Amino acid sequence: MASVEEFRNAQRAKGPATILAIGTATPDHCVYQSDYADYYFRVTKSEHMTELKKKFNRICDKSMIKKRYIHLTEEMLEEHPNIGAYMAPSLNIRQEIITAEVPRLGRDAALKALKEWGQPKSKITHLVFCTTSGVEMPGADYKLANLLGLETSVRRVMLYHQGCYAGGTVLRTAKDLAENNAGARVLVVCSEITVVTFRGPSEDALDSLVGQALFGDGSSAVIVGSDPDVSIERPLFQLVSAAQTFIPNSAGAIAGNLREVGLTFHLWPNVPTLISENIEKCLTQAFDPLGISDWNSLFWIAHPGGPAILDAVEAKLNLEKKKLEATRHVLSEYGNMSSACVLFILDEMRKKSLKGEKATTGEGLDWGVLFGFGPGLTIETVVLHSVPTVTN
């Protein structure tokens, strides 16, 4: 008879959790930042607020965003005007839209990841799904499992209302699942739609205006497993360690409150300083065990909360400009897609590395870091190890 220890050892994988495929998706509707102020004030029936529109236009100009993809269209706003009004009761219709579209958009990214992986979907043992909006029972994880035709025995984890740091949270969760369940293949999906936060402008809510200028819709997916079979699977990044911390006395720095009017967004002006002043401690704790203290020796996957956050982190750590290129590219092309962003950036980095004929998926470097920042103020830190782009 086997002992508990022998049984547990047999349950565990031998190697580190590894990302085996990545997929991303966006809605079809694209908005361009250069004329978004005109669009936004027109569809919210706010063109009479000329001074506020000028202020919003300046926010858009400084956002470093070229375009975003947004599910909500002008036709939908005409049909449901309360969504576009400032603080009008509208949660019911927002929920109707979100609970249908969040899993559908997640499916689009998941299908791309599954196609790249190339293995039967029946081999997916676990599903980890996160979104900032659309809480219901059964949840988006259940709907996605059905949309994809996953096995009814798939073990699901659903994370709601985590916010922008959750791209790190889902990787941390997937790492634990993959490494503690031999043979596990974990499908991770982040799907974000801004229908829950969209509303008209107000002089009394400038932090809400910042959110209207930054956030976009998108979904991303990865497949994670330990001990990959390299004859049929292609490793991309290893998940070496993962940690979460929150900054004391910063509970309201980034916040969202779900009310009859939807999800309201709140942001302290000093968020870039709070993050930049605390990020090096996270780096030190993560990389001291590896003997790494040169932050420019790492490849960087940082959540693009906004240009001010990226600038502050870059300056505080004396990072070379190229370190945040992949992050800035995703911000420019898609905006801030909350939890989905960091997986978009991972995808951009591996593609850029292959296109540039770099030696590894991490732009030729071995070690990297993935950061998620969000409500709490919470920081997720994931240590990554790249893999060679060419195998012998």
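Quick reminder: no glycine exception, Cβ is built from N, Cα and C everywhere.
Record check, Swiss-Prot: substrate site residues include LYS55, PHE56, ASN57, ARG58, GLY305, GLY306, PRO307, and the candidate from LEU267, LEU343, LEU346 also listed there is LEU267. Sorting the recorded positions CYS164, LEU267 by the number of other Cβ atoms within 10 Å puts CYS164 first.
For the binding site of substrate, formed by LYS55, PHE56, ASN57, ARG58, LEU267, GLY305, GLY306, PRO307 according to the record, the largest Cα to Cα distance is 20 Å, rounded to a whole number.
The Cβ of GLY306 (substrate binding site) has SER63, VAL210, LEU214, PRO272, LEU331, ASN336 as same-chain neighbours under 8 Å, each 6 or more residues away in sequence. When the alpha carbons of LYS55 (substrate binding site) and CYS164 (active site) are compared, the span between them is 25 angstrom. Geometry remark: ASN57 (substrate binding site) versus CYS164 (active site), CA distance 24 Å.
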